[in-house]
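Enquirer: According to TrEMBL, the record shows the following:
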| type | residues | note |
| --- | --- | --- |
| BINDING | SER175, GLU244, HIS272 | Mg(2+) binding site |
| BINDING | ARG396, ASP410 | ATP binding site |
Amino acid sequence: MLLRKQMRSVREITTVYLHVILVNGTRRMYDTLRVRTLTTKPPILSALTRPAAGINGCSKPQPDQMKLTFRELVFSARGAMPSEQDAREEEEYNANIEELTKLQSNRESLQSPISTRCDTLANTLKYLERSGLNLSDVEKLSVIHVGGTKGKGSTCALTESILRQYGARTGFFSSPHLVSTNERIRIDGEPLAKAKFTRFFRLVYDRLLLHREHDRDMPAFFMFLTIVGFHVFIAERVDVVVLEVGIGGELDCTNILRNVRTVGITSLALEHTQVLGNTLEEIAWQKAGIIKPGAHVYTDVTQPECLQVIRDRADEKNAQLFQVPNTEELFKSNHRSDHLDTCNDYVRLNGSLSIQLAYDWLCQSTGPLHCCYPTNWPRLTDEVLRGVSQANWPGRCQLVEYENMRVHLDGAHTVESIRVCCNWYLKSTRLSRNPSILVFNRTGDTDTKDLLQVLQQSCSFDMICFVPNLSSATAKDPNQTSVCYTDDAQRERAKLIAATWQQLCDANQQVNNGRMYNTIFDAFVEMRKRYPAHIEVDVLITGSLHLLGAAILMLNDFHSEAKLPNGST
């Protein structure tokens, strides 16, 4: 254990290096910050915990933070400008991402005939073997598999953060990404370096091209990245992989693993009904498809009908099902309610499940990380408290102060998660007299009426902007490219959402403060026309993680004092 602790100490320093390098994709920062990171630990602006006390429950940026770009503030990074080598790596990385986006998307995959979707697992195994891995190679990884509707990503992020506090070297596979595709594959909490991503991308892509039987004989986008992730985790020799399901569970390509011993199922809601089913029971059946024989299954699902389905599926696999305690009750019983008070609503919703998943993996581990914790252990260790506090999951209940704007970022896209988002936004702005602006979009073909009703009933906005997931009319980032929707199609979608809002306003006899804008940039230009740069504003950006990614890219180059461009909508 002494050796393990020493190794952990070195790893923590390495993590600081990687934190700076990977977010910005620059090695130059390693050299400029080496002395600093060895002597002081840079502050981390957690997306899962609120910073200590400012006027609205958020600390003001320090003077050196004022120099950071919006993207750096979102990802809690510090650094210098990229070098020429970094620019070359970025160019090569973007070229590979452009190739990746040509693969079939999740949306196209969902629209395939059911017989084709049923072949997902067989196809995943086929392409995995063509890439140079056998299933037996992948099953040597120790995996925590997490499915559900709401909070999968934040549950995984919390679990992974806790396990790092115990000294585990972690791999984390998630979707979708916010800004850059390499965010989906993380080592020790940090996105895979773009140079490494490029190397593994070419390894897998070139092998699959070599062995394809016809032009379209390639895996879909998500399946391809799943296979790349397995290659990375094996090469990086991680102790544990926290694996987030893509869509559903039963037929998801992450579900090829047969020996997962720790499984988590987060709360459920209606989603992807054209694929997963029209009832909560049908969706629960799909989500519980990741349960494996003999596994320990933890859930915070509360609907009786869903719990029964999950219980039946666990019984079929001779697996043990445990319903985790309420997070607030767990912290209260440990006399740590004060600690929970520093956390936002997502920690309150997913904290208990994350803690029990981490405890279970540690208990089932046979190596030096083994800890003998009982099932649903009601204690909170120091490692758990640190892990919860230091977890970083950008774009989920995250407040960033920039250019005299208090920008609230949340990727909520279901009715339940929009309610959580509204409650968080109201708490964040309860002492504020700033103008309140909503920037909204909902990706896909889902009816947005229910989401808009929650927003209308919960919050009051002075300005409402319905936008496509387009940063500006000229910006083109391969990480944000959609092969499913043209720019015009996205704008038509935003118009429909704006029309739905108008109908709700008419029905409730309310003044309509909303309108559609052609790009996110156009919306912010109009905002600064109405509220000049010296006026602080509260902005809520929500409805889609894809929207958040596009907004982060736009705000990275947006300056409130900038001259208004010609042709703004």
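A Cβ is built for glycine as well, from the same backbone N, Cα and C atoms used for every other residue.
Note that TrEMBL annotation is computational and uncurated.
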Enquirer: Measuring Cα to Cα, how many Å separate ASP410 (ATP binding site) from HIS272 (Mg(2+) binding site)?
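Expert: A Cα-Cα distance of 20 Å.
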Enquirer: Counting other Cβ atoms within 10 Å of each residue's Cβ, which of the binding-site residues GLU244, ASP410 comes out lowest?
Expert: GLU244
Enquirer: Under a three-state reduction of DSSP output, how is HIS272 (Mg(2+) binding site) classified: helix, strand, or coil?
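Expert: Assignment for HIS272 (Mg(2+) binding site) reads coil.
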Enquirer: Could you tally the C-beta atoms, other than its own, that fall within 10 angstroms of the C-beta of HIS272 (Mg(2+) binding site)?
Expert: 16
Enquirer: Restricting to the chain of SER175 (Mg(2+) binding site) and a gap of 6 or more, list residues whose Cβ falls under 8 Å of its Cβ, or answer none.
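Expert: Expected: ARG184, PHE222, LEU225, GLU244, GLY246.
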Enquirer: Give me the CA-CA distance between ARG396 (ATP binding site) and HIS272 (Mg(2+) binding site), in Å, as a whole number.
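Expert: Checking the Cα atoms of ARG396 (ATP binding site) and HIS272 (Mg(2+) binding site) gives a distance of 21 Å.
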